[in-house]
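Engineer: Sharing a structure with you now.
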Amino acid sequence: MTKTIAILGAGAWGTTLANLARANDHQVRLWSRQGDLSLEDVVKNAEIVLSAISMKGVQDVALSVKSCQISPQTIFVTATKGLDAKTTRTPSQIWQTEFPDHSVVVLSGPNLSEEISQGLPAATVVASKNTAAAQVVQQVFSSGRFRVYTNSDPVGVELGGTLKNVMAIASGVCDGLHLGTNAKAALVTRGLTEIIRIGKVLGAKTETFYGLSGLGDLLATCNSPLSRNYQVGYQLASGKTLTEILASLPGTAEGVNTCQVLMQISQEQNITMPITEQVYRLLETQVTPKQALDELMLRDTKPEYHQ
Ligand SMILES: NC(=O)C1=CN([C@@H]2O[C@H](COP(=O)(O)OP(=O)(O)OC[C@H]3O[C@@H](n4cnc5c(N)ncnc54)[C@H](O)[C@@H]3O)[C@@H](O)[C@H]2O)C=CC1
Ligand SMILES: O=C(CO)COP(=O)(O)O
């Protein structure tokens, strides 16, 4: 059945998702700060409101939507991969706080928008506490080139997409320094262990991180020059400054902000995050890429798995 869908954020991801929904004959209205349509007009009578806004704009946009006319049945979908700098909340937690009586669905997976725009096949996950709402969103986007799975762990799905961005920066550094395939495999695998350690404390289920939105997105983003986060790391390794890199980067690299928020969480909740800490110190110019590598390689020896 045709749905009326408001998509907020007309960047790379919002535009790609709009095209996927339109290809399935849904009525899509796209909103951006620079566009001609008002937020009020875009969300009016929408059965689904999907946000693909960069993390830094989510709280303000959610508050603006709150002052618009929204049907009680409207499903909110969030596709942002980040953490709020002020509150450390995830985007779905922000939307759910502002709309406590609505269903909120997280959409996240190994989804480099450039490949999807080219019509290449991809899969994703839609996760919600409300299974029926996740199934509605599944139907909206599913097609022969975009396979959509449901999941009942929204925070886990969301954190998989968010935490891997920091590992993608580290992977870019690893490739930029030409450290080889063994080093990359070690980094991504220990990165997953670190993601699971953080994710469990933040309320996610371990098994979610072994799925598309966890391991799947980690593999895609850590291995593709199309990833903006990977590009940040790769170019840092080549000697550019973060300011120079961000000035020429097409779109948002959420891992930079996420890394700062994670350091705050690490201190507050006493979670060990060695890779995240080195990425943070590198972004803050406290270490060089080579020093960050040495710090990780020369940590105390330990069993692979410990409590
Ligand atoms: N591009 C991709 O391949 C994918 C991106 N994502 C996530 O989707 C989100 C958006 O990414 P992209 O579309 O690639 O970024 P982008 O930089 O291309 O677009 C960001 C959009 O957010 C809007 N925006 C930024 N700050 C705002 C504010 N303060 N108020 C209102 N609107 C604001 C911009 O105007 C733009 O429409 C990010 O969290 C990203 O991690 C998720 C999956 C794939
Ligand atoms: O999340 C993404 C792929 O799933 C996009 O990665 P970047 O934001 O690093 O480009």
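Cβ from N, Cα, C; glycine included.
So TrEMBL says this about it:
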{"type": "ACT_SITE", "residues": "Lys164", "note": "active site, proton acceptor"}
{"type": "BINDING", "residues": "Trp13, Arg33, Lys81, Ser113, Arg228, Glu254", "note": "NADPH binding site"}
{"type": "BINDING", "residues": "Lys81, Gly109, Lys164, Asp217, Ser227, Arg228, Asn229", "note": "sn-glycerol 3-phosphate binding site"}
{"type": "DOMAIN", "residues": "5-35", "note": "domain 'Glycerol-3-phosphate dehydrogenase NAD-dependent N-terminal'"}
{"type": "DOMAIN", "residues": "38-133", "note": "domain 'Glycerol-3-phosphate dehydrogenase NAD-dependent N-terminal'"}
{"type": "DOMAIN", "residues": "153-293", "note": "domain 'Glycerol-3-phosphate dehydrogenase NAD-dependent C-terminal'"}
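Locate each feature and note its surroundings.
Structural biologist: Under the three-state DSSP scheme, Lys164 (active site, proton acceptor) falls in the helix class. Residues near Lys164 (active site, proton acceptor) in space but far in sequence (CB under 8 A, at least 6 apart, same chain), listed by position: Gly191, Ile195, Gly214, Asp217, Leu218, Thr221, Cys222.
Cβ contacts within 10 Å of Lys81 (NADPH binding site), excluding its own Cβ and spanning all protein chains shown: 30.
DSSP gives Asn229 (sn-glycerol 3-phosphate binding site) a helix state.
Distant neighbours of the domain 'Glycerol-3-phosphate dehydrogenase NAD-dependent N-terminal' (5-35): 41-43, 46-54, 57, 61, 65, 79, 107, 111, 113-114, 116-117, 140-143, 146, 250-252; these residues of the same chain sit at least 6 beyond its ends, with a Cβ under 8 Å from one of its Cβ atoms.
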Engineer: Might you list, by sequence position, any residue in that chain lying six or more from Trp13 (NADPH binding site) with a Cβ less than 8 Å away from its Cβ?
Structural biologist: Ala52, Ala79, Asn111, Ser113
Engineer: Quiz question: given the binding-site residues Arg33, Arg228, which has the greatest number of C-beta atoms lying within 10 angstroms of its own C-beta?
Structural biologist: Arg228
Engineer: Taking a cut-off of under 6 Å between Cβ and any atom of ligand 1, tell me which of the binding-site residues Gly109, Ser113, Glu254 pass.
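Structural biologist: If the test is a Cβ under 6 Å from any atom of ligand 1, the answer is Ser113, Glu254.
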Engineer: Out of Trp13, Lys164, Asp217, Ser227, Arg228, Asn229, which recorded positions have CB atoms lying under 6 Å from ligand 2?
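Structural biologist: Result: Asp217, Ser227, Arg228, Asn229.
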Engineer: Return the single residue from the binding-site residues list (Ser113, Ser227, Asn229) that has the minimum number of other CB atoms within 10 Å.
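Structural biologist: Lowest Cβ count within 10 Å among the binding-site residues (Ser113, Ser227, Asn229) is Ser113.
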Engineer: Other than its own, how many Cβ atoms are within 10 Å of the Cβ belonging to Glu254 (NADPH binding site)?
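Structural biologist: Excluding its own Cβ, the number within 10 Å is 22.
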Engineer: Fewest neighbouring Cβ atoms within 10 Å: which of the binding-site residues Gly109, Asp217?
Structural biologist: Gly109
